Amino acid sequence: MAVVSWKEICLLTGLVVGCYWNSLFCGFVFDDVSAILDNKDLRPSTPLKNLFLNDFWGTPMSEVTGVVGRAELLSSIFLLAAFLAYTKSKGADHSIVWTPIISTVFLVAVATLCKEQGITVIGICCIYEVFVAQGFTLPMLIDTLLQVLRGKDGFPYAVLQTLLKLIVLIISTLLLVIVRVQVIQSQLPVFTRFDNPAAVSSTPSRQLTFNYLLPVNAWLLLNPSELCCDWTMGTIPLVESLLDPRNLATVVFYAMLSLLAYHSLWYGHSSAKIVMMALSLIVLPFIPASNLFFPVGFVVAERVLYVPSMGFCVLVAHGFKLLSQRGALKKTSWLLMGVLLTTHAVKTFNRNWDWESEYTLFTSALKVSRNNAKLWNNVGHALENQNSYERALRYFLQATRVQPDDIGAHMNVGRTYKNLNRSREAEEAYLIAKSLMPQIIPGKKYATRVAPNHLNVYINLANLIRANDSRLEEADQLYRQAISMRPDFKQAYISRGELLLKMNKPSEAKDAYLRALELDHTNADLWYNLAIVNIEMKDPSEALRNFNRALDLNPRHKLALFNSALLMQESGEAKFRPEANRRFLTYVKEEPDDANGYFNLGMLAMDANENEEAERWMREAIRLQPGFRSALFNLALLYSQSQRELDALPVLEELLRYHPEHVKGLILKGDILMNHRKDTPGAKACFERILNMDPSNVQAKHNLCVVYFEERELQRAERCLMETLAMAPHEEYIRRHLAIVRNKMASMSTAGQLIAPTEGGSESDKQQEQKQQDKQEEEEGVSSQGHGQSKKLDAGQPDKRTKSKSTKEIKDIEKKRAAALKRLEEIERILSSD
């Protein structure tokens, strides 16, 4: 093996860094999104073993710059390491050295875990052993086998050693295959005809196209000028006839390959051995992507050419060496090599910028092929992610024109129309997509003939039409249809559970969520949804248990944190208060801009009589959400309970500026104005304002009667209280207050004092009456029904809910809150009379 100097290492490193440094500025695009950003196996809470159980097999990728493509690079590195280890398995005395062989098997296993083609290094090692290490040529090998078969000679000792090593390699290969099959659970991925149209074509189109793809890949190695991130669908039209001129490229390719194979197999010199190893690196790693043993999910994928490109580079380097050794061509060969390296380095650098974003990547691909509907769809997705729906729609519509039977394209059109609030067009697009779905064939498993994401057309259509309450049964039928086609369709159960909640069928919704949990019991959102169903079924203890299960799986599940804390708070049990407080604190760390979290922290602090903390949290909620009705009212109530009634007035003014019809705020303001500011006209205006909005409001009516009493209009107060009693004949406090007023009127009449007329009266009469009343300070009186001792009211806005996890308010929690919030307690100022 040639020794590589530090200068050569530094030169090579500098060249690689120079070519790829700009890739550091590129984002996660294409398959990186699903394989990395959305991959639950990469999250800290996921068990490490899941990395070995789940895979993204068959996913197309096309550049080193894409992070998903690093799987092929990693596999290539371990493949080379395995091969280099094997080259040291032959001792100086031609004996077997087992340590390198064991290392080879281990490295092959690691390479296979990275990508399946890693296992092909076993074949490369076998070719190396036979044709390089043992020095056989094909004629020599045939002659040796014939002699053994004729009984003229036995196997030489060196051949027996070779057979032993090959047997070990082959057995290890079989074991790795068995393990890999177990990992994918004996199931190949489901691909559609859009992924690889040739795979579902008839003879001879299928064979002609697959053979034509070989020279296409060879041309990409020779001239990578037009690169594309996705070669599926119509990028390469099918070769449907023997008269297609593209068949000439297939013939030329096989002719060149045959010449190279003949040269390497029939001759034993060093040049032949180099060509032999180059061909093995080119051909064998490409076999898994050749459709010879199983269909693959792509037509062409540049990522599968990583290892073959190594063999191609060996051929180029060998050719360069041969040319440079000829004096007349030495300078020319160096010039050509310099031009080759420079142009490819520039091409690589520029290509990296295509991977800067999904939009730049897919628009660059459209420059190579405009017949691939998937590329039009992907540009649309990139624009959709930027909320540019009108532009996205144009690309999605173009995808349907390029490939009219593309189900996904019609689904994209429908989704975009929905985002544009064009429901009728959205439904039409979904119906077209639904009509293109494969029909059920008796005796054939439907799930093996349809891409799982295409079944989402039923979900999307049902989600669209269930916005109309008259079509809920129709939506339910679509969910059930999707489930019948694929019983393990988890999202169908989830969406159906949401619909059943909307249809007020919590028991059936619970069954749907339980079935979904059987398919995915580690899904925190499902446990959360089940907890919401428990609330609807009036089972708060079970709801809390399921909220806790969701938090066990995802301790930062925001909605589970919020609603479980809210449930604990509404239970009224002191034992839950610290944990509820902790969860609300965690929630506000995750959602620092959500005023609801701070508001509920304030409510908990009020429950614990921690007034300073409560004030701080309420103030923060109001800062984040100016005009926050519940926070403003309860802050005013907090001041009122803390004997800071005058501090409450500015808060109430702000509340009523945003919510001028807030009845409880008006009552509290009127109570403070009358009892603490002695501003009866202001209090009177508050109560009259309520009665203008709601003439049947007993509390406002009663308090207005108290205002009349305070203004010494006893007859008017009496009549007012009689009207109030007629509105609420069972309220004892109104009877008591009416009796107080009548007793007052009687005592004044006995004393010969004038009773103020119901309305009007001269100014001198009123002044005289006021003097007489001043002499009788602190006599009998009635009080307004205020908030001085009341509990917190108007406790909150609608509860936080998951996005489309439930379709109505948590009624049970609201009822508990209403029950906990007592009616305003009366405060009577009954003074002793003479």
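The backbone N, Cα and C atoms fix where each Cβ goes, and this holds for glycine too.
Taken from TrEMBL, the feature compositional bias 'Basic and acidic residues' applies to 763-775 (among others).
Marked as compositional bias 'Basic and acidic residues' by TrEMBL: 791-813 (among others).
The feature domain 'DUF1736' is assigned by TrEMBL to 186-257.
Residues or ranges marked as region 'Disordered' in TrEMBL: 755-813.
Remote same-chain partners of the repeat 'TPR' (373-406), defined as residues 6 or more beyond its termini with a Cβ less than 8 Å from a stretch Cβ, comprise 30, 194, 228, 230, 232-234, 357-359, 362-363, 365-366, 412-413, 416-417, 419-420, 436. TrEMBL lists 373-406 (among others) with the feature repeat 'TPR'.
Within the chain carrying the repeat 'TPR' (490-523), a Cβ under 8 angstroms from the stretch's Cβ atoms is held by residues 455-456, 458-459, 462-463, 466, 472, 475-476, 479-480, 482-483, 529-530, 532-534, 536-537, 553, 804-808, all 6 or more beyond its ends. What TrEMBL lists as repeat 'TPR' is 490-523 (among others).
Look at TrEMBL and you will find 524-557 (among others) tagged as repeat 'TPR'.
Among the features that TrEMBL reports, repeat 'TPR' is placed at 595-628 (among others).
According to TrEMBL, the feature transmembrane segment maps to 9-30 (among others).
Among the features that TrEMBL reports, transmembrane segment is placed at 95-113 (among others). Within the chain carrying the transmembrane segment (95-113), a Cβ under 8 angstroms from the stretch's Cβ atoms is held by residues 52, 75-76, 78-79, 81-83, 85-89, 119, 121-122, 125, 161, 164-165, 168-169, 172-173, 176, 180, all 6 or more beyond its ends.
Summarising the annotation, TrEMBL assigns transmembrane segment to 119-142 (among others).
Residues or ranges marked as transmembrane segment in TrEMBL: 163-183 (among others).
Annotation comment: TrEMBL describes 248-267 (among others) as transmembrane segment.
Here the transmembrane segment (274-298) has Cβ contacts under 8 Å with residues 58-60, 79, 116-117, 120-121, 123-124, 127-128, 131-132, 188-189, 191, 195-196, 198-199, 210, 214, 217, 230-232, 257, 260-261, 263-265, 304-305, 307-308, 310-312, 314-315, 318 of the same chain, all six or more residues outside its ends. Annotation source TrEMBL lists transmembrane segment at 274-298 (among others).
As annotated by TrEMBL, transmembrane segment applies to 304-323 (among others).
Tertiary neighbourhood of the transmembrane segment (248-267): same-chain residues 131, 137-139, 208, 211-212, 214-216, 218-219, 273, 275-276, 279, selected by CB-CB distance under 8 Å and a gap of 6+ residues from either end.
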